[in-house]
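Asker: Handing you this structure, nothing more for now.
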Amino acid sequence: LATVSINGNLSMVYYQDFVLEGFEGGLETQALLFAVFLTLYMVTVLGNLTMTVVITLDGRLHSPMYFFLKNLSFLDLCYSSVIAPNALANFFSPSKVITFAGCATQLFFFSLLVTTEGFLLGVMAYDRFMAICSPLHYPVTMCHSACTRLVLGSYCGGCLNSVVQTTFTFRLPFCSSNRINHFFCDVPPLLQLACGNTTINKLLLFGICGLIIMGVALVILISYGYITVTILRMRSAAGRRKVFSTCGPHMTSVALFFGTVFVMYAQPGAIESMEQGKVVSVFYTLVIPMLNPLIYSLRNKDVQEALQRLGQKHMEPG
């Protein structure tokens, strides 16, 4: 809605749509950004679909670690798809319009999937802790039903945060403008458009996101603390290398994901610095989902061998 003056009287005008302003620049800049976004998104889709298919089809990868990795690939594919197609369409769109309902829907699913991924990274750290520090109890503790419950719990946590953020954001009156200074609907740029009191929204954003980040980070740090102690006690150099090869990719993903999410959502200056926010958002909406399949496959012999087996199977005649 907007407040306008007609003959000295205040009247309320309701916006039916938002405008996603995206990135500044002329036609050449927009074309370059379109090419970058399209390349990142295509590689993201190809990489995560490949990981999902390989883990599903190869029986040797039907273990808890790869079950979680398949879910991670699914989340990366989904939340990049919530953002990228609409962003690509807007690069050459004269209007760049998104409806009120469309904006709310995009925010809901993006928040749901990103928060779920944060919880899932914590679950994956716990899985590595159980596999390395308690191998005898691992098959029982991390049975299929337990893994399924952990994934569903991650989705429930993501859904709860998404419902809170979306509900409180779209209860605000948007009367200063309908032009969102971003390339997708997110809480910080939407709060800039609100003409009501956003104190509660900011507290919810920083409080809940900060709590999630700190909680998951604590689980990861404790898990890898025990893992490090276990590695140092190993006498076999080959055993230590194998542990590092399975834990290294996960730690890389954790550092990339939580580093960018913290910069965007868990520090007070995030609301005001939208230009920085756009760059950071590109990183965790497209770059990280693109990198994750590469991170988990380049140094993982099991995945590489599964890819080779799948390739040889399809090349066989008949």
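Numbering starts at 1 and runs along the chain as it is shown here.
Even glycines carry a Cβ here, placed using N, Cα and C.
Copied straight from TrEMBL:
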- 31-55: transmembrane segment (TRANSMEM)
- 47-296: domain 'G-protein coupled receptors family 1 profile' (DOMAIN)
- 67-87: transmembrane segment (TRANSMEM)
- 107-126: transmembrane segment (TRANSMEM)
- 146-164: transmembrane segment (TRANSMEM)
- 203-227: transmembrane segment (TRANSMEM)
- 248-267: transmembrane segment (TRANSMEM)
- 279-298: transmembrane segment (TRANSMEM)
Asker: Could you pull out which residues elsewhere in the chain have a CB under 8 Å from any CB of the transmembrane segment (67-87), counting only those six or more residues past its ends?
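Answerer: Result: 20, 22, 37, 40-41, 44-45, 47-49, 51-52, 55-56, 98, 106, 109-110, 113-114, 116-117, 120-121, 123-124, 127, 144, 147, 150-151, 183-184, 253, 285-286, 288-290, 292-293, 296.
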Asker: Give the nonlocal contacts of the transmembrane segment (203-227) in its own chain as ranges (CB under 8 Å, at least six residues past its ends).
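Answerer: For the transmembrane segment (203-227), the list is 115, 118-119, 121-122, 125-126, 128-129, 132-133, 157, 161, 164-165, 168, 187-188, 191, 243, 247, 251, 254, 258, 261-262, 265-268.
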Asker: May I ask you to check whether the transmembrane segment (107-126) and the transmembrane segment (31-55) make contact, with contact taken as at least three Cβ pairs under 8 Å and only pairs 6 or more apart in sequence counted?
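Answerer: Result for the transmembrane segment (107-126) with the transmembrane segment (31-55) is no.
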Asker: Can you tell me which parts of the same chain pack against the transmembrane segment (279-298), counting only residues 6+ beyond its ends and a CB-CB cutoff under 8 A?
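Answerer: Sequence-remote neighbours of the transmembrane segment (279-298) are 37, 40-41, 43-44, 47-48, 50-51, 69, 72-73, 76-77, 79-80, 83-84, 110, 114, 182-184, 186, 249, 252-253, 256-257, 260-261, 263-264, 304, 307.
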Asker: For the transmembrane segment (31-55), give me same-chain residues lying six or more residues beyond its boundaries with a C-beta closer than 8 angstroms to one of its C-beta atoms, as numbers and ranges.
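Answerer: Distant Cβ neighbours of the transmembrane segment (31-55) are 23, 25, 61-62, 66-67, 69-70, 73-74, 76-77, 80-81, 84-85, 87-88, 91-92, 282, 286-287, 289-290, 292-294, 296-297, 303, 306-307, 310.
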Asker: Looking at the domain 'G-protein coupled receptors family 1 profile' (47-296) alone, can you tell me the average pLDDT?
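Answerer: Averaged over the domain 'G-protein coupled receptors family 1 profile' (47-296), per-residue pLDDT gives 88.
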